[in-house]
Amino acid sequence: MRIHYVLFAFLLVLLSPFAAFSQDINSKRACYREGGECLQRCIGLFHKIGTCNFRFKCCKFQIPEKKTKIL
């Protein structure tokens, strides 16, 4: 009977990453909701966070962080 609990826990851990795939950005509305813009190419300070459709990528503006040395 205990093996059922172990198998259930194993399957839960094994299949949990697949739940994130349904949260992918794949439309203009989802892109804008995440603070992105639909562009043909993500250039400069924009980085790709998803796709709007087959031609456009969802790009988000990101300011590079200053690297500080820890003394």
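Backbone N, Cα and C define each Cβ position, glycine as well.
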Quick one: which of CYS42, CYS58 does Swiss-Prot link to CYS31 by a disulfide?
-> CYS58
Helix, strand or coil at CYS42 (disulfide bond) [DSSP, three-state] | coil
Reduce the DSSP letter at CYS52 (disulfide bond) to three states and note it down.
-> coil
Spatial neighbours of CYS52 (disulfide bond) that are distant in sequence (at least 6 apart) but have CB under 8 A = ASN26, SER27, LYS28, CYS31, CYS38, CYS58
